[in-house]
């Protein structure tokens, strides 16, 4: 468990720096839809080859159908992230997207009937505060102005609300399926990623991106595909045998890795807000998992 969680923290934290390494003249040269398809395909292949004896397990459509909705929710959220950037600046998205911690916790408590104490709710709100602090200026480019200005339209506010709701719903719904079905995890993953590949392929051809499927790909993109696929598989283990709350803490802790890589690779500087964020995360971990 320790190794898996540390690896997941490292993958989450390195995702943005890896994307920056892929840029050519400040632009992402490849189709993000292609990357999503390849990530889902990698997870599908791994699930299929992990235990071939599972192919003989008897299943019915009532086992398979729920994963179609789960994949649809994930695909909808991935596309929503792209479209809502038109109605807000990236900084605003980074700040407000932290609200998905609250939406996930609320839906987790409601649908999975997991009562959270006031102490645990305080811990989760500290995670939100950590994310907002870091997004508002935990890192600073010495050559850029320090003041941060946020901009969002009314449509953008609506879209970010829908995004946080779907993000929480997709995570909690998937956790419920994984825990209630008496099927091996690798077989459940196969169903989920099969629909993931199918829906994202449809989305790719629907968007009709310019250029070829693999245009603009580099060795850095390959690293992103493999790491994101591995992280998806780890998160399925977490949701099957732990909970979405653990996933939220993993994502929040990835701030540390993101900051370390950003300082090392891009010469960014840590600010007071970074240390505020780290303090909030440390206190949140103590409140949620510490001995009362």
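Sequential numbering from 1, following the chain as shown.
Cβ coordinates come from backbone N, Cα and C, glycine included.
Straight from TrEMBL, the features:
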type: TRANSMEM; residues: 27-46; note: transmembrane segment
type: TRANSMEM; residues: 53-75; note: transmembrane segment
type: TRANSMEM; residues: 95-112; note: transmembrane segment
type: TRANSMEM; residues: 121-140; note: transmembrane segment
type: TRANSMEM; residues: 152-178; note: transmembrane segment
type: TRANSMEM; residues: 190-207; note: transmembrane segment
type: TRANSMEM; residues: 219-238; note: transmembrane segment
type: TRANSMEM; residues: 245-266; note: transmembrane segment
type: TRANSMEM; residues: 272-291; note: transmembrane segment
I need to check the long-range neighbours of the transmembrane segment (95-112): which residues 6 or more away from its ends have a CB within less than 8 Å of a CB in the stretch?
88, 121, 124-125, 127-128, 131-132, 135-136, 150, 152, 160, 163-165, 167-169, 171-173, 175-176, 243-245, 248, 252
The transmembrane segment (219-238) in contact with the transmembrane segment (27-46), cutoff 8 A, at least 3 CB pairs, sep 6+
yes
Could you name the stretch, out of 27-46, 121-140, 152-178, 245-266, with the greatest number of CB pairs under 8 A to the transmembrane segment (272-291)?
121-140
Contact set of the transmembrane segment (121-140) with the rest of its chain, CB cutoff 8 A exclusive, min separation 6+ beyond the ends, reads 91, 94-95, 97-99, 101-102, 105, 146, 148, 245, 248-249, 252, 255, 259, 262-263, 268-271, 273-274, 276-278, 280-281, 283-285, 287-288
